[in-house]
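Chemist: Annotations per Swiss-Prot:
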type    : residues : note
BINDING : 3-17     : FAD binding site
Amino acid sequence: MRVVILGSGVVGVTSAWYLSQAGHDVTVIDRESGPAQGTSAANAGQISPGYAAPWAAPGVPLKAIKWMFQRHAPLAVRLDGTPFQLKWMWQMLRNCDTRHYMENKGRMVRLAEYSRDCLKTLRAETGIKYEGRQGGTLQLFRTARQYENATRDIAVLEDAGVPYQLLESSRLAEVEPALAEVAHKLTGGLRLPNDETGDCQLFTQRLAHMAEQAGVTFRFNTPVEKLLYENEQIYGVKCADEIIKADAYVMAFGSYSTAMLKGIVDIPVYPLKGYSLTIPIVEPDGAPVSTILDETYKIAITRFDKRIRVGGMAEIVGFNTDLQQPRRETLEMVVRDLFPRGGRIEQATFWTGLRPMTPDGTPVVGRTRFKNLWLNTGHGTLGWTMACGSGQLLSDILSGRTPAIPYDDLSIARYRSDFAPSRQQRLHSAHN
């Protein structure tokens with residue numbers, strides 16, 4: 001089967017790899033000059049299935065109000081008055097109760113755990129190198145309440161069979177020696193020993209090269225104008241004066257998926273702006289061994305070979321990609337506070353990207369009402385964590401094979417009543 005994939009980020013490239021391995025003739029289209037030039041370029045670098053959790057959580061609405069008045073707040077909102085933003089935020093608020101949180105986190109952990117298994121298999125079969133480490137993740141708590149609240153997440157971890165260690169502050173240095181100097185500032189931590197880290201951009205670029213050698217065609221510097229469709233079936237992708245045809249089409253454009261599908265399939269994927277710093281390491285002993293998650297500021301600090309990646313925060317500001325100096329100051333403050341000897345902050349590279357987020361935090365993976373249009377988008381802050389599993393899952397569904405995990409609750413059907421274009425809308429769009 002001929003398959004066109006729209007998007008060459010980590011999700012698009014893993015989809016291409018697994019579909020190619022299943023015997024399909026795959027073409028990837030992207031406006032960028034190469035793979036992983038957008039959100040996959042400089043994310044936090046963590047592969048953390050156990051910490052897969054929605055931003056929509058109990059207490060977040062009240063916290064969001066408090067964060068409005070804090071300099072180093074992890075979340076910022078700028079209302080633009082658009083119906084889509086308001087509808088998306090309302091949907092997110094509706095998911096901020098305990099029942100929805102547990103349900104959403106459960107399916108996110110399911111997909112993320114499966115994805116880690118897929119990555120492990122891929123690594124063993126191909127030998128792909130991406131500055132990966134298998135040293136686990138350590139979530140740090142600064143207050144007694146944070147430490148106590150960890151029991152809520154532990155219940156989900158136990159249900160999913162995810163191993164963990166709940167550590168008091170005196171034991172943090174056992175897994176992250178550099179924290180010995182700052183343990184007095186912390187109340188404890190939750191460690192997931194099976195989690196991993198790695199450079200997402202490097203992985204994506206090298207996997208794209210392997211996919212190309214396996215027969216995948218990459219069409220870079222090729223902006224997509226629109227999808228062409230009739231009778232609820234896609235019949236081509238319009239790119240300037242060219243129409244690229246296939247038997248099946250996969251939307252993996254991240255935050256830009258929503259606009260590209262307007263009038264065809266409405267999906268609740270909104271750009272959640274995040275930031276990162278990439279810092280050269282000065283003293284290896286003063287840097288983290290693996291990944292640290294600061295629960296207070298929602299910031300991750302990840303060790304690569306000779307660099308530290310500090311990433312986090314969320315801004316609901318539309319497609320704005322301006323680099324905000326106060327956000328850099330927050331990232332610098334956290335890494336200086338926890339790893340004062342870790343790296344040369346003055347030489348850091350500052351970056352921002354747009355994560356494609358759904359209101360419930362779970363991606364949308366699977367077929368749409370269109371017979372040959374498939375989705376693999378909406379992974380939010382967990383695109384790197386979920387990419388391999390999502391790609392393998394999509395390949396299995398599209399190929400008619402039985403997937404290794406349940407997947408019905410990952411499809412767009414769960415949003416159909418709230419995000420669905422009318423028949424009149426679709427007919428109008430089809431004739432424009």
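Including glycine, each Cβ sits where the backbone N, Cα and C put it.
Since this is a predicted model, take the numbers as computed values, not measurements.
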Chemist: For Val11 (FAD binding site), just give me the three-state DSSP call.
Modeler: helix
Chemist: If I restrict to non-local contacts, at least six residues apart, and a C-beta distance under 8 angstroms, what lies near Trp17 (FAD binding site) in its own chain?
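Modeler: In sequence order, the residues whose Cβ lies under 8 Å from that of Trp17 (FAD binding site) (at least 6 apart) are Leu122, Leu207, Met210, Ala211, Ala214, Val216, Gly391.
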Chemist: For Val3, Val11, Val13, listed as binding-site residues, tell me which one has the smallest number of other Cβ atoms within 10 Å.
Modeler: Val3
